[in-house]
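Since the structure comes first, as structure tokens, the remarks are kept for the end.
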Amino acid sequence: NQVLEMFDHAYSNYMEHAYPADELMPLTCRGRVRGQEPSRGDVDDALGKFSLTLIDTLDTLVVLNKTKEFEEAVKKVIKDVNLDNDIVVSVFETNIRVLGGLLGGHSVAIMLKEKGEYMQWYNGELLHMAKELGYKLLPAFNTTSGLPYPRVNLKFGVRHPEARTGTETDTCTACAGTLILEFAALSRFTGTSIFEEYARKALDFIWEKRQRSSNLVGVTINIHTGDWVRKDSGVGAGIDSYYEYLLKAYVLLGDDSFLERFNTHYDAIMRYISQPPLLLDVHIHKPMLNARTWMDSLLAFFPGLQVLKGDIRPAIETHEMLYQVIKKHNFLPEAFTTDFRVHWAQHPLRPEFAESTYFLYKATGDPYYLEVGKTLIENLNKYARVPCGFAAMKDVRTGSHEDRMDSFFLAEMFKYLYLLFADKEDMIFDIEDYIFTTEAHLLPLWLSTTNQTISKKNTSTEYTELDDSNFDWTCPNTQILFPNDPMFAQSIREPLKNVVDKSCPRGISRAEENLGSGPKPPLRARDFMASNPEHLEILKKMGVSLIHLKDGRVQLVQHAVQAASSLDAEDGLRFMQEMIELSSQQQKEQQLPPRAVQIVSHPFFGRVVLTAGPAQFGMDLSKHKAGTRGFVATIKPYNGCSEITNPEAVKEKIALMQRGQCMFAEKARNIQKAGAIGGIVIDDNEGSSSDTAPLFQMAGDGKNTDDITIPMLFLFNKEGNIILDAIREYEAVEVLLSDKAKDRATIFKGKMIPNYIIDSNLEMENMDQKSSENDSHKPNSEEAPSESQDAGAVSEEPNGGGESSAVDDPDPLSPASADSASISMADQDPHAPGPAEAGAPEPACTPEDSQPQEQNTQTESNSKAHWDSKVQPMESILADWNEDIEAFEMMEKDEL
């Protein structure tokens with residue numbers, strides 16, 4: 001019932017606020033129309049002005065027993081959707097989402113028509129649209145290899161002068177190898193064999209180009225020559241669904257060659273890539289060599305595929321590892337390291353983990369997986385739900401949102417979650433009669449015996465070269481997958497229960513290692529201060545000159561011939577090498593993670609979370625878990641560069657100001673003097689957004705900033721305008737500045753609220769308990785330093801708002817020769833700790849005694865809250881509760 005309510009919330013908001021646009025933007029409550037919003041790069045290639053979300057959701061409506069809504073949706077698609085737009089789209093995304101959506105819709109439409117109650121008017125209209133779209137995708141296959149171009153123009157194809165595509169040379173393996181189910185189904189439904197032929201030719205070519213000694217494939221391939229462009233291999237992004245479609249093509253089409261290929265690849269995956277419970281990318285030519293030290297979230301589909309294969313033990317192991325990561329961060333980060341730190345912090349509400357959870361429950365019947373599903377539901381409602389739908393997570397560490405709700409969220413997530421909890425009587429048809437595509441669209445298994453226009457064995461490939469004596473040619477019998485021991489699955493999971501929390505990275509600062517050896521130079525890089533005249537004199541002696549760049553950074557250049565002596569020149573070179581190492585280390589390890597600005601006043605109640613850039617001065621929000629909460633007020637002058645003229649409006653409030661015209665630290669001192677309890681600097685660059693710009697940090701002014709005690713955060717223009725718009729509409733706007741978004745139950749009115757008031761509609765009686773469990777798994781902000789954000793700490797310049805980077809470019813310059821070296825660095829805070837003090841990253845887990853301490857603190861605060869409530873008279877408590885109930889009833893209306 002919760003899944004149905006959540007689906008209704010997402011679907012109705014799409015239909016109300018976004019349709020006929022391709023996707024819903026849940027934070028701004030409007031549709032995403034390509035060309036009308038800032039480009040997001042390749043992500044936008046899924047959008048084709050063809051009401052993507054509605055088409056992708058068609059068969060979900062039937063799975064969730066919403067047949068009336070399905071009938072209305074099909075009529076809308078037939079009436080409104082135009083597939084002949086002059087727009088360049090991804091062949092892969094259009095195939096799995098739109099073609100797959102139309103075919104899935106057609107599959108369930110003819111099933112409903114046959115049952116005799118619904119869709120009696122239906123006459124294959126969705127199939128006609130699918131065939132039209134299939135023909136529009138065919139020009140992409142006009143290559144010598146048979147591999148399709150990655151993009152196609154729906155109106156003009158590929159090579160037409162107006163197509164604006166067709167110059168690409170590479171495509172990903174999954175992009176070319178994830179076509180066979182949809183294209184073969186289209187051929188089988190229509191009797192037109194060309195679609196299946198093209199998809200088979202692409203699959204054949206990839207198979208021929210596999211690395212013969214390892215039997216692995218790379219991530220990207222040249223569509224003309226067949227050369228591997230990226231030679232790393234894994235089961236995540238870029239390859240994932242290629243393997244999935246080999247096995248599922250065998251299931252749907254009954255062609256032994258597909259199973260033969262899958263088994264060959266699977267053997268290689270388990271030999272080289274699988275390092276239980278991890279799945280790590282390797283090089284296809286040197287498969288014993290790991291290609292990277294992190295994993296991406298798309299590999300979460302693989303345990304589900306292993307269940308289909310019948311290999312349950314490794315599926316349980318990998319799934320359990322992923323679940324531990326989710327319990328630590330609430331969601332699966334887009335990428336995480338082998339020691340389970342966040343590598344890429346986003347989470348676009350991907351469904352792959354839910355998919356594997358469903359398959360494992362089907363295979364094992366273990367109620368543990370129902371608890372996993374319950375956790376997924378609770379986290380979505382708690383952290384991703386917003387008034388206009390569900391918003392993707394911009395950063396799982398802070399809980400900040402991104403203004404996107406991808407179509408796959410409706411197509412897949414709700415389908416798998418509903419099926420996980422549904423009993424047979426909750427379904428109006430037998431789901432076992434269908435196979436899921438990679439987008440969870442339903443294709444009927446009876447297609448295997450329909451319109452077989454292609455021979456089952458492709459004689460162009462020599463399959464006899466394979467030793468398949470070890471391969472099972474029968475489907476595994478689910479009754480003998482496990483011994484009779486009901487604890488079997490638990491015994492596999494148990495050793496992995498603490499795999500995430502026990503993994504403490506023991507990072508040693510390379511700079512410290514290097515600095516500890518060799519003769520000690522007279523001036524160490526970590527001690528250097530650009531504002532110290534004595535240090536500048538020593539630099540001059542070593543032949544190092546200091547140049548102030550226009551953007552406010554400081555560049556160091558060494559010329560050995562200008563040094564006072566050869567020994568000084570040697571010291572200078574050593575100093576430059578240290579500085580390069582130090583700057584690189586600071587970039588990688590001393591990066592502050594993003595912070596969160598959470599709007600907690602009516603009607604938001606903490607459901608809108610904005611990604612904020614941190615400051616290298618003022619209150620450290622990571623050490624003040626409660627954060628700073630207060631109403632916002634705009635200061636005068638708005639730039640905050642002189643004494644505040646409206647201190648009465650700012651006192652005890654969080655000051656809003658504009659970036660520019662003076663140092664950030666100067667703004668902070670001015671508002672602090674006026675009595676503000678915190679500050680938010682809003683970017684003056686029109687249209688800037690955390691969606692498209694790297695994380696921004698505010699640096700100090702090169703002086704001692706210990707006098708600044710209030711928290712300061714930076715918002716890009718788009719996020720800042722959300723607060724300014726809220727002020728215009730509601731006047732009194734209260735926000736919470738924190739290191740990560742807080743649970744709404746905790747922040748509302750500053751007190752704990754009984755669960756039955758908060759979530760009576762969702763019946764989450766165990767919310768507090770789950771919350772405290774999750775808290776014990778959450779990293780603090782220091783535990784998960786950002787490694788993916790290309791962030792620079794920037795301080796304002798007095799002359800018109802220029803910027804000064806406090807950390808260097810990601811690729812610092814190395815010495816060009818023995819007599820000349822150059823490096824850029826920023827003015828350093830004289831009181832900033834050197835690498836010896838803070839160079840090494842904080843470990844991803846704390847000593848054993850720290851977690852109980854955190855839990856004790858939590859218990860104490862809770863008991864204090866309970867003690868306070870005992871002192872209050874009952875009438876007062878009931879009055880508070882009634883007020884809370886009214887507020888949450890208003891919240892239910894989901895008004896922004």
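Residue positions begin at 1 at the first shown residue.
Glycine residues also receive a Cβ, built from the backbone N, Cα and C atoms like all the rest.
Annotation comment: TrEMBL describes Glu93, Glu334 as active site, proton donor. The feature active site is assigned by TrEMBL to Asp240, Glu352. The feature compositional bias 'Basic and acidic residues' is assigned by TrEMBL to 767-781. Residues or ranges marked as compositional bias 'Low complexity' by TrEMBL: 814-827, 834-843. Here TrEMBL flags 848-862 as compositional bias 'Polar residues'. Marked as domain 'PA' by TrEMBL: 635-722. Feature annotation from TrEMBL assigns region 'Disordered' to 767-872.
Around the Cβ of Asp240 (active site), the same chain contributes Ala174, Leu298, Leu299, Phe301, Phe302, Thr438, each under 8 angstroms and 6 or more positions distant in sequence. Here the domain 'PA' (635-722) has a mean pLDDT of 90 out of 100. Under DSSP, residues within the domain 'PA' (635-722) fall into helix, strand and coil as 20 helix, 17 strand, 51 coil. The Cβ of Glu334 (active site, proton donor) lies under 8 Å from the Cβ of Asp296, Ser297, His343, Trp344, Ala345, Gln346, His347, Pro348, each of these being in the same chain and 6 or more residues away along the sequence. Neighbour density for Glu352 (active site): within 10 A of its CB lie 24 other CB atoms from the protein chains shown. Between the CA atoms of Glu352 (active site) and Glu93 (active site, proton donor) there is a gap of 16 Å, rounded to the nearest whole number.
Within 10 Å of the C-beta of Glu93 (active site, proton donor) there are 23 other C-beta atoms, taking all protein chains into account.
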